Amino acid sequence: MSTRENQASYQAEEPTTAPKIEKDVLNGSDRNEELFASNPNVLEVEKADPEDLQRIRGDAIGDTLYSERFVLNILLKLSKLEKNLQEEEEMEKDLCTLWDMTLDVDMIEYLLKQDVLTLFAEVIKATNDKRLTEILVGILANMCDLKKTRDELCLQESQLVEVLLDLSGCLDALTLQQLMRLWAVIFVKSPTEHIEKWYDLVCKDGQFIENICFILNNAINHKVLSQTLETLNAVLAKFALLDNPAKNFTELFIKSEVINATMEAFNTILTDNAGQENDTDELEKKEVKIKQTFCNIHSILTQYQQYSEEAYAAHSEDILLCMKKILKPLALEVDLDTWQTFELDVFETLSDLLEILPRCFDPHLSSYLIKIWLKFLQTQHSASTEFEEELNHQDLSDKCLQLLLLILTEASNAELQENLKTVQSENKGRFLKSVEKLEKNGCVVKAYDKIKNALGE
């Protein structure tokens, strides 16, 4: 059974079924590779005669055909479990079945009535069984898709919240993957009026953000890294909306350690992907998703003026290197009509970064932006497309040019001449006219004069 992919960069993962066993610790080692069966207690409707169907429904949970007795038996056995699941194969299968069942709302509501949040908190806190913890956290992540579960966790200050926050310090990759999925669901889907409460709970824990940074710095499991970046993105996006948080947002998030951790995770994923022989469409989609998440995170972290400037001060060269890894493939694309909001987000993030980083000339960044601008120049608009409804080619072209000018203002005349060689003689005039049309500010005026001299116009 496979996990469903995220549908958007800022969107919680869909609830999942019990996955196939994989690497189990942060950096390696295997668990049993057996793939567990689906629920044996659900009788297929088409195979049941009316009399059997009526009897089954008498023991059914809600509108499902899931057996109430079967579920209660699992919970009872769980409360008395003393051995590891490695020694309790049947119990492991039953728990995986319960995980599959939590795709159903009726099942989640039933489990809440059985006070499983308290039961799971006690079991997770008491056990050292990584597989058991992974399964229970996976079930909880599915349950958090339902508002009633999130409300109970937040408003009633369930002891489970403390257990789950503490669990972010574990070293088991599979558990962390489910845990980060759980937190992403909570922060993406929780209403604004609950966010301050969640903020207070996270601040009270004290270690959650440090643990997030540790995971991003040290994990090599791509699923863990991707999901943790998604979680950080969701946390930042919601917490940034708070007006007067108990603990200053800048103190908690706008710091060098967070920036460095995101770059470490980003580079780990992209470096490993570059070594893969088969460049599939699926791999490309995953890379775009990671790049989108990375941009979203830094679009938030750059919004706090002097705090952002101080936090990024030691990472100027490294963060621009990350952005060049994102921008380079865009400079090589042929058809700009396929561009969507991701490409716009890249420009916006680069703009936010250039505003707070020390000004410097970067020939590679400049070269990529020139290539992209030239492609905008060559692009001929055809019939209306989804792209044109959401984005405007001229706006993107202007944004690209503005970014280029920010970089070119710091170049020497020799550097400008070398960098602008790709602007062929027939495009020189159009290039300068495009610059002239931009809204006038000190940067535009300074860059225009330097470029005009460099081009010999």
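The backbone N, Cα and C atoms fix where each Cβ goes, glycine too.
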Handout entry: Among ranges 71-98, 127-154, 295-322, 323-350, whichever one TrEMBL labels coiled coil
Key = 71-98
Handout entry: 1-25, 26-50 - the range that TrEMBL marks as region 'Disordered'
Key = 1-25
Handout entry: Rounded mean pLDDT for the residues that make up the coiled coil (71-98)
Key = 93
